[in-house]
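**Student:** The structure is given below, and queries will be raised subsequently.
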């Protein structure tokens with residue numbers, strides 16, 4: 001754990017990265033763009049594996065017990081009846097739903113009367129089930145191990161376990177990403193997720209499937225968080241929004257491809273193998289260091305100066321910039337880094353526990369975790385209304401994907417003009433209003449209006465979630481960037497798992513679920529006003545930078561009004577500028593180490609006479625002048 005002096009010692013480097021170091025290594029040049037391009041592919045692979053869970057746990061359109069000849073009398077001959085008549089005689093009929101899902105008729109052994117008047121006993125299914133066509137797949141997790149009736153609870157449990165894996169991965173691997181670096185954490189996560197993806201294909205039971213999916217979810221979270229942060233740290237503020245949103249479009253593209261891939265694969269092990277294939281291809285990043293290098297910003301924040309210098313030289317060379325060009329008279333960028341760091345400079349690592357020392361950073365982290373939790377959790381309420389409008393699986397699936405694409409477009413067109421905070425506030429307001437209207441007026445509204453409100457709520461809830469993640473990246477310092485973002489993303493996964501908790505109770509608490517998330521959405525409107533504005537601002541590199549990001553005034557203050565602080569302000573900082581001192585030391589050191597000085601220092605010559613003789617001559621000259 002680093003101490004306060006260590007933070008101060010590194011502050012001279014971190015505070016100037018965006019304005020001094022980054023532009024002189026080529027800025028957002030062609031090499032940075034190439035690395036950002038290769039960082040989008042892991043996002044596609046992670047989202048392909050995330051959303052494939054929808055097809056694994058999808059319930060068939062209809063299913064019923066398979067007829068058991070042992071429950072029928074010996075005189076019963078199936079060949080004497082049509083298939084429909086045979087099913088009506090062996091399976092109970094439930095009004096409103098058709099054939100019973102979980103029961104069979106058991107006839108007396110010597111019965112010859114097959115009419116409905118005969119006394120028949122109802123028993124649970126004994127020889128399995130017959131399933132209708134599953135959307136996209138012929139067999140999935142449900143049909144493979146008959147997770148219906150008394151075992152139905154294992155389906156939402158599987159999704160909860162999968163989301164628990166993502167939560168643990170975001171927290172643990174996010175912290176590990178701050179210690180090991182973006183590249184090492186990415187390679188570790190991609191290797192283990194590939195291995196676990198292959199193991200899932202070979203699952204022999206539902207319990208093994210649950211355990212492997214939990215583990216793979218944790219590794220996929222590491223892939224997502226390391227690649228997301230790596231690309232944001234390699235771009236400048238004007239391009240940061242588009243870089244993040246293109247990654248969102250890659251996720252939307254993965255969702256659009258999944259139904260077609262599922263139709264082609266037919267069986268869930270084949271679909272799992274196809275979803276694992278992009279992860280296996282990403283293992284090539286082990287050999288190609290240049291396509292996913294270590295983040296120079298993280299190397300600078302952790303004071304790994306030798307690795308930082310090599311990384312800066314690599315970026316500057318590939319961007320067509322030479323670091324030997326002088327930035328300030330008499331010094332270079334690399335020599336300034338050496339002087340600012342000092343001789344006793346050892347790598348120092350930080351964890352998310354540093355949040356305990358902050359006041360503003362943890363508040364921003366808490367608010368954005370709250371908004372992301374709402375954005376992901378409330379989507380279940382809107383999607384359930386879509387199911388009530390149309391029971392077709394593809395209708396609600398593609399409508400959710402299309403609204404996600406429009407949410408990305410909405411953010412791209414509006415956020416750079418109106419700011420992060422304003423658009424986040426607008427998204428929260430519309431999400432809350434849509435939820436409240438559906439909660440209060442669903443029984444009074446026509447189906448078309450319910451559909452419109454559900455689509456609007458789904459659109460802005462996804463925009464709220466996407467913008468919360470981007471906002472969190474722009475207000476967290478580099479010291480524990482991944483750890484803080486991991487906490488925010490973990491809160492979003494908790495919201496996604498909340499829908500499975502409702503299904504685990506057979507949607508018994510849906511109304512309460514909707515009320516809670518609608519109330520939280522209204523509360524988030526007040527919380528968002530406490531956030532700072534990060535539009536076109538550099539990423540904070542130190543605790544001081546993060547703590548200095550405070551919310552702007554809600555209204556323009558009058559010029560004749562004193563702006564007195566409500567709390568005791570901190571004492572003003574001294575006028576000592578460490579950058580000027582470091583440049584002076586660096587220039588002096590370079591001047592003294594040069595063999596050929598640009599000027600010659602004159603050496604004073606000793607006097608030819610002693611001090612007493614000189615004094616005597618001055619006295620004689622004075623007498624002559626007086627006489």
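Backbone N, Cα and C atoms are what each Cβ position is placed from, and that goes for glycine too.
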**Student:** From 109-131, 132-154, 270-292, which range did TrEMBL mark with transmembrane segment?
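**Tutor:** So the range that TrEMBL calls transmembrane segment is 270-292.
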**Student:** With TrEMBL as the source, which of 510-531, 532-553, 554-575 is set down as transmembrane segment?
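**Tutor:** When 510-531, 532-553, 554-575 are checked in TrEMBL, transmembrane segment belongs to 510-531.
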**Student:** Transmembrane segment per TrEMBL: which of the ranges 15-33, 34-52 is that?
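**Tutor:** TrEMBL lists transmembrane segment for residues 34-52.
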**Student:** Scan 365-382, 581-598, 599-616 against TrEMBL and say which stretch is down as transmembrane segment.
**Tutor:** 365-382
**Student:** According to TrEMBL, which of these ranges is transmembrane segment: 241-264, 313-336?
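**Tutor:** The range carrying the transmembrane segment annotation in TrEMBL is 241-264.
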**Student:** Check the transmembrane segment (185-211) against the transmembrane segment (270-292) for contact, please; criterion is three or more CB pairs under 8 Å, pairs 6 or more apart in sequence.
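**Tutor:** Yes, since the transmembrane segment (185-211) and the transmembrane segment (270-292) share at least 3 Cβ pairs closer than 8 Å, they count as touching.
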**Student:** Six or more residues beyond either end and a Cβ under 8 Å away: which residues meet both conditions relative to the transmembrane segment (510-531)?
**Tutor:** 363-364, 367-368, 370-371, 373-374, 377-378, 380-381, 384, 420-421, 424-425, 428-429, 431-432, 435-436, 438-439, 471, 475, 498, 502, 551, 554
**Student:** Within the domain 'Major facilitator superfamily (MFS) profile' (116-536) only, compute the mean pLDDT.
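**Tutor:** The average pLDDT of the model in the domain 'Major facilitator superfamily (MFS) profile' (116-536) works out to 87.
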